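So the structure is just underneath, and the comments pick up after that.
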Amino acid sequence: KGKCPEDGWDESTIELFLHELAIMDSNNFLGNCGVGEREGRVVSGLVARRHYRLIHGIGRSGDISAVQPKAAGSSLLNKLTNSVVLDVIKLAGVRTVTSCFVVPMATGMSLTLCFLTLRHKRPKAKYIIWPRIDQKSCFKSMITAGFEPVVVENVLEGDELRTDLEGVEAKIKTLGAENILCVHSTTSCFAPRVPDRLEELAVICANYDIPHIVNNAYGVQSSKCMHLIQQGARVGRIDAFVQSLDKNFMVPVGGAIIAGFNESFIQEISKMYPGRASASPSLDVLITLLSLGTSGYKKLLKERKEMFSYLSSELKKLADNHNERLLDTPHNPISLAMSLKNLDGTNDAAVTQLGSMLFTRQVSGARVVPCGSVQTVNNYTFKGFMSHANEYPCAYLNAASAIGIKKQDVDVFLKRLDKCLKTFRKEAKQEESINEISDANAATEQPED
């Protein structure tokens, strides 16, 4: 049926299945006589076993989705993986998606591939409208494709940074719709930025006949992000949405899924990929989904959502204890932010030092964002870089509840963060006491004659 099984398979069944696929590739034929330049020869047995002897990769020189005659097993693996992944994307909330394929590149380069495909449809276009998100790979994906990003600053609503719809439409009118390659929006992001207003952006794109590419990097694990994509496609225009394999399916970095609602356009993107491609990302995600089954993946999604609620409530308690506050970002379903006003009041170095302290205490993934840092990326200067705004009101710390997170991770993180913040408070009190003593001594000193 080409669908993800409801119940996961055991490892021996998966290995048997992969060996059956492998013996369909010519490099594993007993009597094979190869006289070409690419015959699936592997000198290391360890490397051959690591790849289950599926050596030929996927696709042909002109199409990553094409069937390779001398690699029937690898080709079948590719077709099955794309079919199973499509089933899981539907299960996760985008029910009307029609086509997808796994590409052996991470999210940034996969976005670049989408932009390069659109170039042939819109040869006059040179601009990409991009509601600002301070993440380098999605910005560089536009530069690498040879286009000029048009940055639309976000609007501060309460604590949240949201899409400036009027700003997007104003840029379209100023530049001319025919000169714009697409709108490049984002779902999953670090708080206090929240997912873009996809429905409204999709309507704007439909009204002006402008393509719409969505960076859904780690959004598959969020029912809210997937709902936004589904609704955007229903009321307006979304041409493709791109998501990472490692962030959503807990496999090694190196693959992404390009999906959409128009099968012919998704096929165009796959044909734009030059040459054959590594089968490793496809193999990794197929093994993972066969071992989980739909029931196992649904369970992980449910646990992630529960851990988000737990992290939110516990981080709020901790923030209150340290005279800070959990920023109010209800539209962000994955990431949270806690203010660092007490540290920000001293200097940026204190905020950065907190990040270093957490990292040396084996807390990975937490981000500390000072106020007013400036960074240049590909000759574009961003004020307040990492905070998604030129001037966010305060410094803050990020933590995310991503798929696979456990209660123990949350508890240990909060314990270590609490200890680090107490260290800062203790040092601040000591410094205050020293200053008071110095002031008192200065006041009692008698002036010399």
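Every residue number used here counts from 1 along the chain in the order it is shown.
Cβ atoms are placed via backbone N, Cα and C, with glycine included.
According to TrEMBL, the protein carries these features:
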BINDING   R38  pyridoxal 5'-phosphate binding site
BINDING   R60, S61, Q68, R276  substrate binding site
BINDING   R234, R361, K426  tRNA binding site
MOD_RES   K247  N6-(pyridoxal phosphate)lysine
REGION    427-449  region 'Disordered'
COMPBIAS  435-449  compositional bias 'Polar residues'
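Those same-chain residues not listed among R60, S61, Q68, R276 yet with C-beta within 8 angstroms of the centroid of the substrate site C-beta atoms are G57, I58, G59, G62, D63, A66, G275. Of all the recorded positions listed here (R60, R234, K247, R276), it is R234 whose C-beta has the fewest other C-beta atoms within 10 angstroms. All chains included, 11 other C-beta atoms sit within 10 angstroms of the C-beta of S61 (substrate binding site).
Among the recorded positions R234, K247, R361, K426, the residue whose Cα lies closest in space to that of S61 (substrate binding site) is K247.
Cα spacing between R361 (tRNA binding site) and the residue listed as 'N6-(pyridoxal phosphate)lysine': 23 Å, rounded to the nearest whole number. Among the residues R60, S61, Q68, R276 said to bind substrate, no two Cα atoms are farther apart than 10 Å.
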